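**Q** Residues annotated as active site, proton donor in TrEMBL: HIS121. TrEMBL lists GLY24, SER25, ASN26 with the feature N(1)-(5-phospho-beta-D-ribosyl)glycinamide binding site. Sequence annotations record features per position, and here TrEMBL assigns (6R)-10-formyltetrahydrofolate binding site to ARG77, ASN119. Annotation source TrEMBL lists domain 'Formyl transferase N-terminal' at 14-191. The feature site 'Raises pKa of active site His' is assigned by TrEMBL to ASP157.
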Amino acid sequence: MASVLYSVNMNVRKRVGVLISGNGSNLQALINAAYGHDYPAEIALVISNKSNAFGLQRAAKAAIPTYIFDNKAYSNRISFEYDIDLVLRKADCDIVCLAGFMQIFSQKFTEKWEGRILNIHPSLLPCFKGLHPQRQALEAGVKITGCTVHLVTAEVDDGPIILQAAVPVKDKDNEASLSARILEEEHRIYQKGLAILANVLR
Ligand code: GAR
């Protein structure tokens, strides 16, 4: 009986495709969360646009299938996005998580996945969109910054906010020290944000 209940529970987990470009520490946080037997999502696959992204090794270690689509090898964005979309759909993914994926999707792609695509950004959106948000925060002289989990829409670093965490800026902070403290909070809230979305989609 216990094994029947267990398999039923596993079946309702939402299948997640995680897209990365680099280190993949947020990917690791999601992988770790998904080891929890009552976590409502599982990582079905990992896609990177960089063949040397360290996150690919993290995925392989967790026996998660990986795919590399090098955006530079494509003559246009439509075919790049087409291949990503195809792999996600073939694997029956319900949700897409951008985890340090440094590419911008077209409106066509974001509309296809509307309400089912999440991003983590290292600032308290709507402040400091785009590149180097931690540097932007230091240059602006704010005393509090943080990170945001939000749904992805056609506008970059926009879309409905799911969760945020505040991080105080210390007088002695530089970009590296501030980024490291924000990253700790990212790892904490991304898996919570994914669980919220997975439960909503049940
Ligand atoms: C994270 O700080 C993430 O928020 C940021 O890239 C880093 C990836 O780290 N993403 C963006 O800036 C997207 N706008 P990770 O590869 O170790 O997860």
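For all residues, glycine too, the Cβ spot is worked out from N, Cα and C.
Fair warning: this is a prediction, and the values are worked out from it, not measured in the lab.
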**Q** If you measure from the Cα of HIS121 (active site, proton donor), which of the recorded positions GLY24, ASN26, ARG77, ASP157 is the nearest?
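**A** When the Cα distances are compared, ASP157 comes out closest.
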**Q** Anything from the binding-site residues GLY24, SER25, ASN26, ARG77 with its Cβ under 6 A from ligand 1? List those in sequence order.
**A** GLY24, SER25, ASN26
**Q** Between GLY24 (N(1)-(5-phospho-beta-D-ribosyl)glycinamide binding site) and ASN119 ((6R)-10-formyltetrahydrofolate binding site), what C-alpha distance do you get in Å?
**A** 13
**Q** Cβ neighbours within 10 Å, counted over all protein chains: which one of the recorded positions ARG77, HIS121 has the most?
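**A** Counting every other Cβ within 10 Å of each candidate, the maximum falls on HIS121.
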**Q** Helix, strand or coil: which one is ASN119 ((6R)-10-formyltetrahydrofolate binding site) in, per DSSP?
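**A** Where ASN119 ((6R)-10-formyltetrahydrofolate binding site) sits, the three-state DSSP reduction gives strand.
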**Q** I need the nearest neighbour of ASN26 (N(1)-(5-phospho-beta-D-ribosyl)glycinamide binding site) among the recorded positions ARG77, ASN119, ASP157, using C-alpha distances.
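**A** Of all the candidates listed, ASN119 is nearest in space.
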**Q** Taking 8 Å from the centroid of the Cβ atoms of GLY24, SER25, ASN26 as the cut-off, which other residues in that chain fall inside it around the N(1)-(5-phospho-beta-D-ribosyl)glycinamide site?
**A** ILE20, GLY22, ASN23, LEU27, GLN28, ALA29, GLY55, ARG58, ALA99, GLY100, HIS187
**Q** List the Cα distance (Å, whole number) between ARG77 ((6R)-10-formyltetrahydrofolate binding site) and ASP157 (site 'Raises pKa of active site His').
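**A** Cα-Cα, rounded: 19 Å.
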**Q** Using DSSP reduced to three states, classify ASP157 (site 'Raises pKa of active site His') as helix, strand or coil.
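**A** The residue in question, ASP157 (site 'Raises pKa of active site His'), is coil (DSSP, three-state).
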